[in-house]
């Protein structure tokens with residue numbers, strides 16, 4: 001776990017936006033935890049990448 005942040009979905013101007021914006025509170029994860037959990041992404045040992053979400057799966061801005 002870690003700190004929590006609020007994300008909002010941004011879509012292409014060509015897409016129709018819903019009446020209610022999609023947003024979710026997600027957890028910011030330690031980068032090394034994310035890197036270990038997702039070796040298929042071949043993340044570098046150090047990065048300025050933000051890793052956020054729930055390792056077990058859950059809501060994100062694409063959740064319907």
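Using N, Cα and C of the backbone, Cβ positions are placed for all residues, glycine too.
Here Swiss-Prot flags 5-23 (among others) as disulfide bond, drawing on similarity to another entry.
Per Swiss-Prot, disulfide bond is recorded for 34-51 (among others). Taking Cβ-Cβ distances under 8 Å and a sequence gap of 6 or more within the same chain, the neighbours of residue 51 (disulfide bond) are 28, 29, 30, 31, 33, 34, 35. Under DSSP, residue 51 (disulfide bond) is assigned to coil, being neither helix nor strand in the three-state scheme.
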Cβ neighbours of residue 34 (disulfide bond) where a neighbour is any other Cβ within 10 Å: 19
